[in-house]
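Heads up, the thing below is written out as structure tokens.
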Amino acid sequence: MAVVQKWREGMSSDNVKGLVLALSSSLFIGASFIVKKKGLKKAGASGIRAGVGGYSYLLEPLWWAGMITMVVGEIANFAAYAFAPAILVTPLGAVSIIISAVLAHIILRERLHTFGILGCILCVVGSTTIVLHAPQERQIESVTEVWDLATEPGFLFYTALVLTAVFILIYQFVPQYGQTHIMVYIGVCSLVGSISVMSVKALGIALKLTFSGTNQLVYPQTWAFTLVVITCVLTQMNYLNKALDTFNTAVVSPIYYVMFTSLTILASVIMFKDWDGQSPTQILTEMCGFVTILSGTFLLHKTKDMADGPGLSTSLSMRSLKHEEDDGFGEGIPLKRQDT
């Protein structure tokens with residue numbers, strides 16, 4: 001109770017707004033997966049399934065409802081970065097996994113394994129730990145202040161390392177190992193993603209200040225951040241699609257979440273100095289919360305196709321058949337996607 005009371009007294013109004021927006025984003029995004037899947041199943045019953053190249057889902061209102069729900073969630077996530085530090089917002093993306101898993105259990109009748117329930121609990125415990133010990137949002141009065149932070153030697157060095165690694169991966173490793181090593185595509189997505197989140201946060205702050213009466217659109221830095229956001233997001237989407245098209249989604253999702261979230265927190269700590277003013281105990285507690293979320297996420301993904309009871313081994317052997325029925329292609333090996 002003392003921790004909760006201290007949190008209530010110390011958490012700024014901006015952090016509270018960011019927390020509410022991040023949780024709302026997870027709610028909308030988690031629900032959108034279920035609505036879209038219902039739409040895909042309904043469209044597939046009367047036309048060619050999306051998994052085998054069909055586009056009948058584009059005529060299905062339920063699928064569009066899911067897409068709109070996802071867009072609303074992404075907008076809320078974008079706004080959350082304008083109010084709260086990335087170390088608070090980014091890990092809360094795991095809440096959407098919980099919502100998706102629970103709704104799938106209730107609406108789609110996809111059984112949630114006992115270890116899946118434990119994974120949900122771990123995600124909740126980890127998220128709560130981070131929320132209770134999250135640093136305060138830095139008070140910024142102009143987008144030029146964000147630009148000054150982005151051009152400090154520490155973050156410039158991090159950006160140079162990221163760009164070097166990305167170019168090496170794209171031009172040296174993607175042609176040779178992209179189809180066989182999952183970390184190549186995910187590495188590009190995660191590295192670029194950490195820069196995109198910092199730019200999204202800068203752009204969000206600029207828009208927040210503009211809507212509050214201090215126009216930031218007259219500064220060239222605002223448009224520079226916009227250009228970086230567009231470039232990074234397009235690169236992310238391109239290589240994430242390549243990863244999803246090549247490898248098993250159940251493997252891609254948790255690895256991408258771990259790498260993307262870890263690098264985003266690192267970039268935020270370097271650029272916005274989120275840990276300045278925090279004690280080592282608070283920082284360690286936040287890291288423990290993050291590791292707890294990662295553990296819960298892996299449990300959820302590893303057990304999402306498993307069933308309780310004596311038929312566990314049968315359920316494991318039927319995983320590839322279930323994917324074939326849902327997606328229109330088989331997944332005969334755990335890592336690499338295998339088209340029929």
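Including glycine, each Cβ sits where the backbone N, Cα and C put it.
A TrEMBL annotation is a machine prediction, not a hand-curated record.
Taken from TrEMBL, the feature transmembrane segment applies to 16-35, 55-76, 82-108, 115-135, 155-175, 182-203, 223-240, 247-271, 283-300.
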Query raised in the report: Considering only Cβ pairs under 8 Å, which range in 16-35, 55-76, 115-135, 283-300 makes the most contacts with the transmembrane segment (82-108)?
Result: 16-35
Query - Ranked first among 16-35, 55-76, 155-175, 182-203, 223-240 for CB pairs under 8 angstroms with the transmembrane segment (247-271) - result: 182-203
Report summary line: If one takes Cβ-Cβ under 8 Å and requires six or more residues beyond its ends, the residues near the transmembrane segment (16-35) are 62-63, 65-67, 69-70, 72-74, 76-77, 79-85, 88-89, 92-100, 103-104, 107-108, 131, 137
Query raised in the report: So which of 55-76, 182-203, 223-240, 283-300 has the most C-beta pairs under 8 Å when paired with the transmembrane segment (155-175)?
Result: 182-203
